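For reference, the structure is listed below as structure tokens.
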């Protein structure tokens, strides 16, 4: 296990300026000639406004990054997204819109009357889209987890328009981790108000690009509603699973307390983080819904012990079972409590100490039987030869799940998972790629064989990588025939930021493209291939 006593990681949580134009990169090694396109990444880039700091990792203002690969040349460019949160903050030189863990206070210059009215109008929901970017039809949207998404130009990085999903769908927000079918259909999940004042989760569907060039969002719809296990307290949902025929939703014991949330809106100084609470007795529930004639499978009640879940790796059907691979954190204590910037920017010994008390990470495989016979009580229903995961029918009709552990190391997380999505999403697969977090500090890239549990690691001294994105070799048949792209920061170096290109099979370096710019932490992103030339 690598140590970081010099604390170079603090640099990835510091404010940077945007660029006026793309800057050239210095390439070492050989970039595959077929690799042409853009790596687009989202993350926080402004960590304070005037003398007011942002407190949480998910509060910094959205910065969009782009590495362009073209004719073996590489350039790097970045721009702040002109969200309402950003523009108004820059105009007033203070935090104007409350973020995930930072409260906005009323304008001190306003008189008591206008302050009073602002106070009763409630908090405005943030549009700070720092989490991910994904395509919808022909368009590209930078997103967070609220009802606001922001249309952007992936070439110029210009901000095009703020879109309110509530105009099209009854959801309070959707995740930053949609699933996409081969035809471009997008699926997502979000919290909503269900029947008779209870809470629920809606799975939504946005059709692919329309022949008549109309906006696919206008034809978006809710395909299935899943009930909340606690009527007034929905779980926090960050991603979900999708196989060929099913949706998989894991309901975790981290809850949004709606009373807290709504009252926080009228109380000065409350944030989104103040609205979460952990249910210590509920455990974790798995829900299934059929995809085509969308319907909630209410008779399948799967339960297991408490864990936090942010990222699904993959899920697939096999011989009457659904196999679900997840990045979990044990227990009901909310992992986001440990992602305040003050924690992440401490000296290394302090960072380690804080991570000792946090939930422990583990990659787990759960197996859900589709065929449930009443008489098989107390017996393990899982008959797949290759897994030790179990599912046992209890007397109350619920099915108790125990996982198979695919990867586990003390305070060493395999997180921000990626797969060969176009070939393997919803299918039986072998390989996952992830970012290795060492006491929450990203310091390696890991490849995991989910069948044999073998791992490969890329790591370099004083280097802080980001989520690795898999790009398949054109015409490849092998699942891991391709490259991984990651933005790496090496704070002490002459050119401290670089695009790393790894061979996905062996996790060996093919090339790096270094720029004279420090690059703050990025969360998620996408690879946009070069448009095929019409000639």
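Yeah, the Cβs are placed from backbone N, Cα and C, and that goes for glycine too.
Automatic, uncurated: that is what TrEMBL annotation is.
Residues or ranges marked as Fe cation binding site in TrEMBL: 177, 238, 311, 524.
A Cβ within 8 Å of the Cβ centre of 177, 238, 311, 524, the residues given for Fe cation, is found for these other residues of the same chain: 131, 132, 175, 176, 239, 310, 312, 416.
Within the same chain, the residues at least 6 positions away from residue 311 (Fe cation binding site) whose Cβ sits under 8 Å from its Cβ are 177, 238, 239, 326, 327, 415, 416, 417, listed in sequence order.
Applying an 8 A CB threshold to same-chain residues 6+ apart, the list for residue 524 (Fe cation binding site) reads 41, 42, 131, 132, 133, 176, 177, 416, 467.
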